[in-house]
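Have a look at the structure below before the remarks.
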Amino acid sequence: MEFVAILMGSKSDYPVMEECINVLKKFDVPYEIVISSAHRSPNRTKEYVKNAEEKGAKVFIAAAGMAAHLAGAVASMTAKPVIGVPLKGGVLDGLDSLLSTVQMPSGMPVATLALGKTGAVNSAYLAMQILALSNTELGEKLKEDRVMKAKNVELDSSEIEVIL
Ligand code: RP5
């Protein structure tokens, strides 16, 4: 079975990453989520990535804060697409995790998204867009979602707009 594999560096990351799994649930996309750290449990991370790939993971999402090497570490272990979600926290409030996640050396990409909740939500959408390359039904659902979003903009505007 194809699924999205989500790793996060700590239990403290879960409240933000719940935003990601809520989106995947809304679209009925199968996922796994585990806590595994690039620094605290490197062996567990390596084992998880290997097993997940064997079981059918098509895309990985890795979320971490501070010296956030998790996405980069996952990218070193698989040739599947890796999406990185830098998380806020610590005295630098996320700038550290953003730079740690985004600044990968050439040939080892991590698709790094926005900090925090926005990145968590977008990680689910980007993972689904990748799956939709070979899943027409999911692709149609994503198109319908875009139509709804455009309608909502019009609805929101209609409540407050002033046009002369
Ligand atoms: C990172 O360090 C984790 O991803 C988390 O964002 C941050 C702090 O972890 P805890 O000390 O809260 O476990 O590895």
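Note that Cβ sites are derived from N, Cα and C of the backbone, with glycine treated the same way.
Note: TrEMBL annotation is automatic and uncurated.
TrEMBL lists 2-153 with the feature domain 'PurE'.
Per TrEMBL, the feature substrate binding site maps to SER10, ASP13, ARG40. For ASP13 (substrate binding site), the same-chain residues 6+ apart in sequence whose C-beta sits under 8 angstroms from its C-beta are ILE35, ALA63, ALA64, GLY65, LEU87.
For ARG40 (substrate binding site), the count of additional Cβ atoms within 10 Å of its Cβ stands at 11 [all protein chains shown]. Note on the domain 'PurE' (2-153): its mean pLDDT in the predicted model is 98. SER10 (substrate binding site) falls outside any helix or strand according to DSSP and counts as coil. The maximum pairwise C-alpha distance among SER10, ASP13, ARG40, the residues recorded as binding substrate, is 14 Å.
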